[in-house]
Amino acid sequence: MSQGEAAGRGTTKPQDQGWAWMVLLAAVVLQGLTLGFPCCIGVFFTDLQHEFQASNSQTSWFPSIMVAVLHGGGPLCSILVKRFGCRFVVMLGGLLSGLGMVSSSFCKSISQLYLTAGLITGLGSCFSFQAGVTVLGYYFVRWQTLANAMASTGVSLGFTLWPLLSQYLLDEMGWRNTFLIFGGILLNCCVCGAIMRPIQLASGSLPQCAKPEEEPGTRAEEAQLSNEASPYHPTLQQHTRRTKCFHMLQRYLAFDIFCQNKGYQIYTTGVTWMMMGFALPHVYLVPYAIHNGVEEHKAALLISVIGFINIFIRPLTGLLSGHKVFTGRRIYLFSLAVLLCGLSNFICVISAEFSVLILYCVILSIAMSGVGALIFQVLMDVVDMDRFSSALGLFTILESITLLIGPPLTGLLVDITSDFHYVFYNSSFFLISAALFMGLSFCALEKKNKLREASKACLDNPSRYQYSEMSTEPKTESQSPPAVEYITSI
């Protein structure tokens, strides 16, 4: 068969079959390595404090920077994926992650850890994770939902295994050698990236990433400005650069959506506030248990319990929220899960016995499963899918800011009061207030929309209201499914 005939018939795509399942396995490993890794940092908290003579606030900056960069580096990752492709970005992320942890093993001060393990490893994990999720959208079409659900189990596996491995290596060889070994383990992200080879289409193109949405008139406007701009028109050249910069910001950071879409405004504000307290138990649970006399290996087991239960509960939560009964009401399920997270923290205040902390971890993991399964699904419900990627960019950057400052501020409070209970008081305050804000605000917004629809329908057709009642439920517009399913990093 000639090349022309082969091109005419098309090359068989590897989607949903064959090598796609190897890519899925690589994505599972990637999520376990990248998203699961920050959960084990609490195991080293006490040792790092003693090594560098640092306060709780100073030590907590290290995991805070890592998690904040992991969440907030999304727009930068999207730009790199568009330019170089998913495979390259995953491998670059693995190289950065490994380099960051190897460098951390030689650090002489806690501030050096901020740069190596915090910034470099966090950015590498962000690249590997988000590019690894993106590539699944090209390898899976029919089984895309199943593939993303299976890939998300890697997070729970990481939550389960990383703390146990961390405590074992810490006991055997100290934190410096453990960080050195972690650098080698994270380099396996490069292996996962090598597996994610580009898909060969009939035309010979390599669709590494989807083309970003462009605003209407953008291409024509930029073409016109480019033609008019010349060395003799420096003002037009500057205007062209400003226009391109504006459209890039609008593409990746949807400030216009935030100002115009009340649902997105409420949800983004609520989640940003929630993140001030959401990460606190992950950072301080192990130090809190050790401070109250729990053995170190048992304290590390607490985080593993959270991860193990997540393996089973998170898929069930996703299936439950996908039922038609909850269509349009997922925000209330999400608010309920956040509220349960906040209320569960009071268990730690009551007692620090190991059996009580196990009960706390069980309840917290169930609530966390709901938050993790719904956080991006609710965002899809409140934002049109053609602007979802840009809405996601602003969403992740805002939440990364509060993820960054939450643990250090709480650590400062613990340093001042010498009372670890304030960790759980703070966490409960932010979580409960965020849950009530989102739930009540969306309830009021829903009532307002129903009244507006009813009054509009009444004005459009007043005679019909004289004889019959019309439903005040707003009509749901059909939306095209997203090109890529976004998986939570929580």
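Glycine residues also receive a Cβ, built from the backbone N, Cα and C atoms like all the rest.
Marked as compositional bias 'Polar residues' by TrEMBL: 468-481.
Across the residues of the domain 'Major facilitator superfamily (MFS) profile' (20-451), the predicted structure has a mean pLDDT of 83. Feature annotation from TrEMBL assigns domain 'Major facilitator superfamily (MFS) profile' to 20-451.
TrEMBL lists 468-490 with the feature region 'Disordered'.
The transmembrane segment annotation in TrEMBL covers 21-45 (among others).
Packing against the transmembrane segment (61-81) from elsewhere in the chain are residues 34-35, 38, 41-42, 48, 88-89, 92, 110, 113-114, 117-119, 121-123, 125-127, 129-131, 134, 208-209, 212, 252-253, 279, 282-283, 389, 392-393, 396-397, 399-401, 403-408, 489: each is 6 or more residues past its ends and has a CB under 8 Å from a CB in it. What TrEMBL records for 61-81 (among others) is transmembrane segment.
Residues or ranges marked as transmembrane segment by TrEMBL: 88-106 (among others). Sequence-distant contacts of the transmembrane segment (88-106), counting only residues of its own chain at least 6 positions beyond either end whose CB sits under 8 Å from a CB of the stretch, comprise 30, 33-34, 77, 80-81, 112-113, 116-117, 119-129, 131-132, 135, 176-177, 179-180, 182-184, 186-194, 196.
Counting same-chain residues at least six beyond the ends of the transmembrane segment (112-139), those with a Cβ under 8 angstroms from any Cβ of the stretch are 14-16, 19-20, 23-24, 26-27, 30-31, 33-35, 37-38, 48, 61-74, 76-78, 80-81, 86-87, 89-90, 92-101, 103-104, 147-148, 151, 179, 186, 189, 192-193, 196, 199, 207-210, 483-487, 489. Feature annotation from TrEMBL assigns transmembrane segment to 112-139 (among others).
Annotation source TrEMBL lists transmembrane segment at 146-165 (among others).
Residues annotated as transmembrane segment in TrEMBL: 177-196 (among others).
What TrEMBL records for 266-287 (among others) is transmembrane segment.
Feature annotation from TrEMBL assigns transmembrane segment to 299-319 (among others).
Feature annotation from TrEMBL assigns transmembrane segment to 331-351 (among others). Listed as Cβ neighbours of the transmembrane segment (331-351) (distance under 8 Å, sequence separation of 6 or more from its ends, same chain) are residues 267, 274, 277-278, 281, 285, 288, 321, 357, 359-360, 363-364, 366-371, 374-375, 378, 381-382, 421, 424-425, 427-432, 434-436, 438-439, 442-443.
Within the chain, the transmembrane segment (357-379) has long-range Cβ neighbours (under 8 A, six or more residues past its boundaries) at 152, 155, 264, 267, 271, 278, 281, 285, 289, 294, 302-303, 305-310, 313-314, 316-318, 321, 330-331, 333-334, 336-338, 340-341, 344-345, 347-348, 388, 391-392, 395, 486-488, 490. What TrEMBL lists as transmembrane segment is 357-379 (among others).
Counting only same-chain residues 6+ beyond the ends of the transmembrane segment (391-410), those with a CB under 8 A from a CB of the stretch are 57-58, 60-61, 63-65, 67-72, 74-75, 78, 252-255, 257-258, 264, 268, 271-273, 275-280, 283-284, 376, 379, 383, 422-423, 426-427, 430, 486. What TrEMBL lists as transmembrane segment is 391-410 (among others).
For the transmembrane segment (422-445), the list of distant contacts is 262-263, 266-267, 269-271, 273-278, 280-281, 284, 288, 331-332, 334-336, 338-339, 341-343, 345-346, 348-349, 406, 410, 413-414: same-chain residues at least six beyond its ends, Cβ to Cβ under 8 Å. What TrEMBL records for 422-445 (among others) is transmembrane segment.
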Looking at 177-196, 266-287, 299-319, which one has the highest count of Cβ pairs under 8 angstroms to the transmembrane segment (146-165)?
-> 299-319
Leading stretch by Cβ pairs under 8 Å, where the reference is the transmembrane segment (266-287) and the options are 21-45, 177-196, 299-319 | 21-45
Close approaches to the transmembrane segment (177-196) from elsewhere in its chain (Cβ under 8 angstroms; 6 or more beyond its ends) = 22-23, 25-27, 29-30, 33-34, 37, 44, 86-91, 93-95, 97-105, 117, 121, 124-125, 128, 131-132, 135, 166, 169-170
